[in-house]
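Asks: Mind looking over this structure? Questions follow.
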Amino acid sequence: MQTIPIKHVGNDPLVDAFQRRYYYLRLSITDVCNFRCNYCLPNGYQPESNKPSFLTLNEIRLVVKSFANMGTEKVRITGGEPTLRKDFLPIVETIAQNPTIKQIALTTNGYRMAKDVAAWKEAGITSINVSIDSLDARMFHRITGIDKFEDVMRGLERAFEVGYQKIKVNSVLMRDLNDADFNQFLTWIKDKPIQMRFIELMQTGEMDHFFQQHHVSGQLLADKLINAGWTLQSKGLLDGPAKVFKHPDYVGEVGLIMPYEKNFCASCNRLRVSAKGKLHLCLFGEEGITLRDLLQSDDQQLQLQARISSALQGKREHHFLHQGDSGVRANLASIGG
C-alpha cells in the first residue's frame, strides 16, 4: 500500500507542478463488468480473492466531498460497469447532494439503459457516455462478447425520450474489426444530437499483441475529418480529453481521443480514484496512492485533502505511451479507462 508524506502545497490544492488545474474526477465504483470487450476484458471479469471490497456509499460521499472542497466541479462515474452496483442510484443521489458538483456524468455499456435511464436522470446523472463499438449487430457481438446490440440501441433512444439533449457514444476503432464503420458512424449522426467519440486503441500490459495487430492512428481519422470539411472546436473548462469537430451539415459532432498525440497531456484536467480507494494521477503509470484510510470519518477531511494535494505535485508532465511504455496498467477496467 503506497502512501506519501504530506508537504505544503500552497493555496491551489488542485494545481500540479506544471500549473495544470484539476476540476474533473473520474470515480470508479466497481471493477465488475458484464461485457467481455476484446480490447479490455476479453476473458470477462475475473474476481480477485482476498482483495479489498469496493468503496462504500459513505466512503464515496467522503472522497467526493474532499475533491469538491478542493475545487472539483465534475464527477464521472465509471467502472467496470457502474450500473451493476445495487446501490448505484443512492451513489448518484449522494454525489448530487454536494452543491459544488455541477456535472455528474456516467460511462456505461448501456446494458441497463432502456429500463433504468429515467431513474438515472431523476437521481442526478446530467450526461451519459455509452459504448457502441459497431453499428453492425454481429460485429458488436464479436467485439463485446455479448449479443445485446438491439438492447443498447433501444436504451439510446430511451435516453433521448426521457430528456437528455445530447448523448456521447464511445467507439474504439480497430483495424480489421470495426475501422470500416467510420463512415457509417458519420452517416448515423448526421441528423442526431450525438457526439460520436472515436477512441484510439491503447496499449496495456495484457493486450500488447492485440494492440500491435489492431491499432489505428487517431491522426488518420483527424485528417479524414478535416479533409471532409469538419472543423476543430475549442475546449471548455470541464471538457474531457476529446478533440471535438463540427460540420455545418451535421447535427452530430465527432470527438477524437488520441493519447499518442504530441502534447495530449498538456491540457489534462482530471484525476482518477479507483473502486478500491486509490488515487491515480494518470491512466498510465503509477500503482496508485491509497486514500481509503482517510475515508472513514468527516473528521479526516483536512488530512485527506492534504494527501491529495501533496500527491498531485508528483504527477508527471506526460505519459510515455509514445515510447511503448504503458506503465503498470494490466487493463483499463480497474480504474475506469
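Backbone N, Cα and C define each Cβ position, glycine as well.
As the structure is a computational prediction, the values presented were derived from the model and not from experiment.
Swiss-Prot feature annotations, pasted as is:
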DOMAIN    17-242  domain 'Radical SAM core'
BINDING   Arg26, Arg76, Thr107, Lys168, Arg270, Leu271, Arg272  GTP binding site
BINDING   Cys33, Cys37, Cys40  [4Fe-4S] cluster 1 binding site
BINDING   Tyr39, Gly80, Ser131, Met202  S-adenosyl-L-methionine binding site
BINDING   Cys265, Cys268, Cys282  [4Fe-4S] cluster 2 binding site
Asks: Would you list, in sequence order, the binding-site residues among Cys37, Lys168, Leu271, Arg272, Cys282 whose CA lies within 10 Å of the CA of Gly80 (S-adenosyl-L-methionine binding site)?
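Replies: The binding-site residues passing the 10 Å Cα test: none.
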Asks: Rounded to the nearest angstrom, how far is the Cα of Ser131 (S-adenosyl-L-methionine binding site) from the Cα of Arg270 (GTP binding site)?
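Replies: Ser131 (S-adenosyl-L-methionine binding site) has its Cα 20 Å from the Cα of Arg270 (GTP binding site).
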Asks: To the nearest whole angstrom, what is the C-alpha distance linking Cys265 ([4Fe-4S] cluster 2 binding site) and Ser131 (S-adenosyl-L-methionine binding site)?
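Replies: For Cys265 ([4Fe-4S] cluster 2 binding site) versus Ser131 (S-adenosyl-L-methionine binding site), the Cα atoms are 23 Å apart.
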Asks: Listed binding-site residues are Tyr39, Cys40, Ser131, Cys268, Cys282; which of them have CA atoms within 10 A of the CA of Thr107 (GTP binding site)?
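Replies: Those close enough are Ser131.
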Asks: Which residues does Cys37 ([4Fe-4S] cluster 1 binding site) neighbour through Cβ under 8 Å, counting only same-chain ones at least six apart?
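Replies: Sequence-distant Cβ neighbours: Ser131, Asp133, Ile143, Thr144, Gly145, Val172.
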Asks: Would you mind giving the whole-number mean pLDDT across the domain 'Radical SAM core' (17-242)?
Replies: 94
Asks: CA-CA, which of the binding-site residues Arg26, Tyr39, Arg272 lies nearest Cys282 ([4Fe-4S] cluster 2 binding site)?
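Replies: Comparing Cα positions, the closest of these binding-site residues turns out to be Arg272.
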Asks: Measure from the Cα of Arg26 (GTP binding site) to the Cα of every one of the binding-site residues Cys33, Cys40, Cys268, then give the nearest.
Replies: Cys268
Asks: Using a 10 Å cut-off on CB atoms, tell me which of the binding-site residues Thr107, Ser131 is the least crowded.
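Replies: Result for the binding-site residues Thr107, Ser131: minimum number of other Cβ atoms within 10 Å at Thr107.
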Asks: Using DSSP with the three-state reduction, classify Leu271 (GTP binding site) as helix, strand or coil.
Replies: strand
Asks: Quick one: largest C-alpha distance among Tyr39, Gly80, Ser131, Met202, binding S-adenosyl-L-methionine per the record, in angstrom?
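Replies: Largest pairwise Cα separation, rounded: 17 Å.
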